[in-house]
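Engineer: Copied straight from TrEMBL:
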- 12-33: transmembrane segment (TRANSMEM)
- 45-64: transmembrane segment (TRANSMEM)
- 76-97: transmembrane segment (TRANSMEM)
- 109-130: transmembrane segment (TRANSMEM)
- 137-157: transmembrane segment (TRANSMEM)
- 192-212: transmembrane segment (TRANSMEM)
- 224-243: transmembrane segment (TRANSMEM)
- 292-312: transmembrane segment (TRANSMEM)
- 332-362: transmembrane segment (TRANSMEM)
- 374-391: transmembrane segment (TRANSMEM)
- 424-446: transmembrane segment (TRANSMEM)
- 466-484: transmembrane segment (TRANSMEM)
Amino acid sequence: MNPFQLKKGDTDAFFGVLFDGMPKIITGVVVLTPLLGADTVFKQLLPSIGLAIVLAGLFFWWLGEQTKKRTGNKDIVALPGGINAGRFFVWLFAIMIPVYKATNDAKLALFVGIGANIISSILSIIMAFVGKKIANIIPAEALFGGLTGGALAWLTLSTFNDMFKTPEMSIISMVSIFIILSVYLGKVKLKISPALLSVGVGVVLGLVLNVVTAGALKDSLSNFGIYLPGGVIFSGGYFSYLMKGLIEAVKYLPIIIVFSFGETISNIQGLEQARGLGDDYDIRQSLIGVNIVSLISGFFGNPFCIGIWWGYPSWKEVKAGTGYQILHGLAYLLLSVTGIVAIVTSLIPVGAVLPILIFIGLASTQSAFANYDARYYGIMALAMAIPIAELTKAPDFIAKGAMLISLVWGSVLVYIAKNEWKKVSFSFLVGALLSLLGLMHTPNFIINFKLTESGAFNGINFTMDAWKPAIAYLIIAAITYFFAKKGNISYEEEVQS
């Protein structure tokens, strides 16, 4: 059979993944264009994203064909995937926008995002070998409690203020979020994405309220053209900014580490969905391949990680094949290198996009609580609260390490609830190590690289700012381990009535 031959179900799958990913791209463009500028977004960022998605599409197609040959199963469906939603929004709101607001340097903000993608992709390749083992150690309640807290902080809470900046934006935002939440909570079945429906209604309201104007549409036409992927490489100072971006991204390592691990687990779960339907993808090969694609795209200017999406059963049900992913990649490449997205987004008011972010944060929260035992809800709530505290201008003691603090303390409390006291002690030891490395309780990593103005390497600073909390963690770890070893920690069995 011709490997490029499309099946009937490929059309449904193509439009499904296209419209599943499109709201992310539209949101990113609408939010970033006023900050980074149209030239940066449409001539450098978008073509690189298009390259990333076409490379991902080719990889998913190739992986599906290889799995057919290896297993003898001719009904293999290509894995759904593309820009990873979790890291996309966190990179956007917790890394790139804060860097821009702190420095007013659009190019640096873009390259810090690129650095975060490169670091995350490398970490995720490593996690392809050890991710499952780590997942067996870290309580899922602690991990996903923290991830949910991050989603609430950076997507839901940080967005509310922007929704009500003007009366017109308030009207558009309220109507849009009503549509999204009605469809989601009321379980209304639609043939199109509720996010796209709400954006469409937002466009109509924008025209009625004169938020969307003919002038904006006319201005957007100036961005129409052909912009090759990798334009960031030829924009001047590429290697200097790449080095600066990587070093600045190191400051966000706690966020990058936790979300990279969380998304690795999510990718594995997506692969397990395929396996459950008889499509036996090699998990390690899949994880390594998708992150190599993400890594390559990073060097070409893409700040957003590539991942495997959930939803495999849907495309299996419509009898899709592997070809839809080639169509998916080519469609995004066409949209991103021509400036068509600029024309589309000129019609979309910001107020129509912000409710999507609030919805994602709320949906993540509901999903987290639905999947775990009710006795851990209090622990998960605390794990969620720590990233939210960081959003409220928390002191340096929380600093950029909120995600790892959440993970350590969430693990401690889960193990206490399970009366596994040696694991409590081990969790505190991990907390001590992370503190000494500067990943928790301090804004500074233990090793800071010095650069010249041109971005050239100029030595290393070695600091140890968080030794006091590290000592506290070590003391608690020692006490807990001592009494657990001696058998002096007892507990009462919970009596079921």
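The backbone N, Cα and C atoms fix where each Cβ goes, glycine too.
TrEMBL entries are annotated by machine, without manual review.
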Engineer: Between the transmembrane segment (45-64) and the transmembrane segment (224-243), are there at least three Cβ pairs closer than 8 Å, leaving out pairs fewer than 6 positions apart?
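Structural biologist: Between the transmembrane segment (224-243) and the transmembrane segment (45-64), which are separate recorded stretches, there is contact, as judged by 3 or more close Cβ pairs.
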Engineer: Should anything in the same chain at least six residues away from the transmembrane segment (137-157) have a Cβ under 8 Å from its Cβ atoms, list it; otherwise answer none.
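Structural biologist: For the transmembrane segment (137-157), the list is 86, 89-90, 93-94, 255, 258-259, 261-262, 265, 357-358, 360-362, 364-365, 368, 371-373, 376, 379-388, 390-391, 402-403, 406-407, 409-411, 413-415.
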Engineer: Three or more CB pairs closer than 8 Å, sequence separation of 6 or more: does that hold for the transmembrane segment (292-312) against the transmembrane segment (76-97)?
Structural biologist: yes
Engineer: If I count Cβ-Cβ pairs under 8 A between the transmembrane segment (192-212) and each of 12-33, 76-97, 109-130, 224-243, 424-446, which range comes out on top?
Structural biologist: 12-33
Engineer: What residues in the same chain, six or more past the boundaries of the transmembrane segment (224-243), come closer than 8 Å to it by Cβ-Cβ distance?
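Structural biologist: For the transmembrane segment (224-243), the far contacts come to 42-48, 50-51, 107-108, 110-111, 114-115, 299-301, 333, 337-340, 342-343, 451, 454-457.
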Engineer: Which listed stretch (12-33, 76-97, 374-391, 466-484) has the most C-beta pairs under 8 A with the transmembrane segment (109-130)?
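Structural biologist: Most contacts with the transmembrane segment (109-130): 76-97.
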